Amino acid sequence: MNDALKTYLTGIGWFLLSLVSSSANDVMSKYLGTRLHSFEVAFFRFFFSSIVLLPFVFYHGKNTLKTSRPFVHILRGLLLFFGMTSWTYGLTIAPVTTATVVSFSIPLFTLILAVFFLNENIIWQRWVVTVVGFIGLVVTLKPHTEDFNPEILYFVLAAISFAMLDIINKKFVIKESMISMLFYSAIVTAVVSLPVASQYWLTPSGFELALLFVLGSSGSLILFFLLKAFSMVDATATAPYRYLELVISAIAAYFIFSEFPDKSTLHGAVIIIPATLFIIYSEKKAMSRKHESQ
């Protein structure tokens, strides 16, 4: 095995670990969401996340927390609060695989928001593919059927929140340290969550607290896995593997919750996946042309 192939496989391995962690997050969130209110889950998740990040803050020094954009951190925290509470609640009423397929639609929302907030010019082919992707989202959510539950739209609200986070990250992350982005967002989300969570408070058991700690730690763990992966392979090289998360989620949901993806979820995935892949690769080409022209 040559060095290039070894580096590629190692990078993909790190990326797959991020997918496993992401699926585990959804499974834990679903389990906890059936026992605790989503506001309380959000509070503990980001409270523990801020605790886990403290050693990194001490290691890198207090200068890593210096920021000239406190409003950005507050906005990220509010979006995280809204997105995570909506996502957790959605998981309590829909299968994990449905959540996974909806998460594939986030690049579609990001593309649309980028037009308004980043002044990006989008070629007509990407608009067509975006429309196709949203058709896949509609197929997944089944609003045209008798058994449609409107509360499943909380997933869509969460996806829009996460897309807004992507926009903010694209605009500001290069101007702020990663530690400060993570730490301040966790603090803000925990602070915002606490007053609302106190209205629905149920004291978690020892096992639930342990799961909440793991849930709070895993966000940083996923980021670590992704950074390791992207240090070895290009982000577009990992794109096809992103959709293995559906397989991982389906296996976990089957054994833990006895869930199995329905036909609508699978049909929606078949439509959304090619659409988002096209967007990812076309964005890569656009960035390459931009760099070549500079």
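Each residue's number is its place along the chain shown, starting with 1.
Placed from the backbone N, Cα and C atoms, the Cβ positions cover glycine too.
Summarising the annotation, Swiss-Prot assigns domain 'EamA 1' to 21-141. Per Swiss-Prot, domain 'EamA 2' is recorded for 160-280. Per Swiss-Prot, the feature transmembrane segment maps to 4-24, 39-59, 74-91, 98-118, 121-141, 148-168, 177-197, 207-227, 237-257, 260-280.
Of the candidate ranges 39-59, 98-118, 121-141, 98-118 has the most C-beta pairs within less than 8 angstroms of the transmembrane segment (148-168). Secondary structure of the domain 'EamA 2' (160-280) per DSSP (helix as H, G, I; strand as E, B; remaining residues coil): 103 helix, 0 strand, 18 coil. In this chain, the transmembrane segment (260-280) lies out of contact with the transmembrane segment (39-59); the count of Cβ pairs under 8 Å, excluding pairs fewer than 6 apart in sequence, is fewer than 3.
For the transmembrane segment (4-24), same-chain residues at least 6 beyond its ends with a Cβ under 8 Å from one of its own Cβ atoms are 96, 100, 218, 221-222, 225-226, 228-233, 237-238, 241-242, 244-245, 248-249, 252. Of the two recorded stretches, the transmembrane segment (177-197) does not lie close to the transmembrane segment (237-257), with fewer than three CB pairs under 8 Å once pairs fewer than 6 apart in sequence are set aside. Across the domain 'EamA 1' (21-141), the DSSP tally of helix, strand and coil residues reads 102 helix, 0 strand, 19 coil.
The domain 'EamA 1' (21-141) scores a mean pLDDT of 90 in the predicted structure.
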